[in-house]
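Here is the structure we will look at.
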Amino acid sequence: MAQETNQTPGPMLCSTGCGFYGNPRTNGMCSVCYKEHLQRQQNSGRMSPMGTASGSNSPTSDSASVQRADAGLNNCEGAAGSTSEKSRNVPVAALPVTQQMTEMSISREDKITTPKTEVSEPVVTQPSPSVSQPSSSQSEEKAPELPKPKKNRCFMCRKKVGLTGFDCRCGNLFCGLHRYSDKHNCPYDYKAEAAAKIRKENPVVVAEKIQRI
């Protein structure tokens, strides 16, 4: 008999049918289902007093809110009417300076934009003769100068020498007989040229003076 009484009962499933094992302490439900059950009870307990309170106070609160809204609208309409009448009765001198300035600037802009736009006729400019003159002078300057004919006659006897002529330092062309300076009385000064050349090639050497102590 003692053995039969000590035997523990077998595991029982959750009463909600979730498939987990239940516990007799949690009304035969598992821990998860029991927590959900408690949360539902708490939520239902909170909602019920709020619903009753709102149901009892709804008619009076609605009527009071409607009356307040009507009074607010009446006050707004009265204030708007008074402000409009005041604005109509305010003289021009009482307006702020900034508003007067803006009105003056707008009127000036209207006056500037209103004048009729005159159609401007196209102006045709004709080239003046003074402009063409420099171009003609420039063209004349750019024209190549004609080469001077080369001298091919002797300056003394006027004999044709061709390529066998001799140029003198005086700038003339002579034949074989008159190429010497004494034959054609050459005006070029050979002595002065030679003296200048000698001075250039042989500068004067002067010793430095001895400074006495």
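Cβ from N, Cα, C; glycine included.
Here is what Swiss-Prot records for this protein:
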BINDING   CYS14, CYS18, CYS30, CYS33  Zn(2+) 1 binding site
BINDING   CYS154, CYS157, CYS175, HIS178  Zn(2+) 2 binding site
BINDING   CYS168, CYS170, HIS184, CYS186  Zn(2+) 3 binding site
COMPBIAS  139-148  compositional bias 'Basic and acidic residues'
MOD_RES   LYS209  N6-acetyllysine
REGION    39-149  region 'Disordered'
ZN_FING   8-42  zinc finger
ZN_FING   148-194  zinc finger
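Geometry remark: CYS14 (Zn(2+) 1 binding site) versus LYS209 (N6-acetyllysine), CA distance 140 Å. The recorded positions recorded for this entry are CYS33, CYS154, LYS209, and the Cα of CYS154 lies nearest to that of HIS184 (Zn(2+) 3 binding site).
Here the zinc finger (148-194) has, by DSSP, the following mix of helix, strand and coil residues: 8 helix, 6 strand, 33 coil.
A gap of 134 Å separates the Cα atoms of CYS33 (Zn(2+) 1 binding site) and the residue listed as 'N6-acetyllysine'. Take the Cα of CYS18 (Zn(2+) 1 binding site) and measure to each of the recorded positions CYS157, HIS178, CYS186, LYS209: the nearest one is LYS209. Neighbours of the Zn(2+) 1 site: apart from CYS14, CYS18, CYS30, CYS33, residues of the same chain with C-beta atoms within 8 angstroms of the site's C-beta centroid are SER15, THR16, GLY17, GLY19, PHE20, GLY22, MET29, SER31, VAL32, TYR34.
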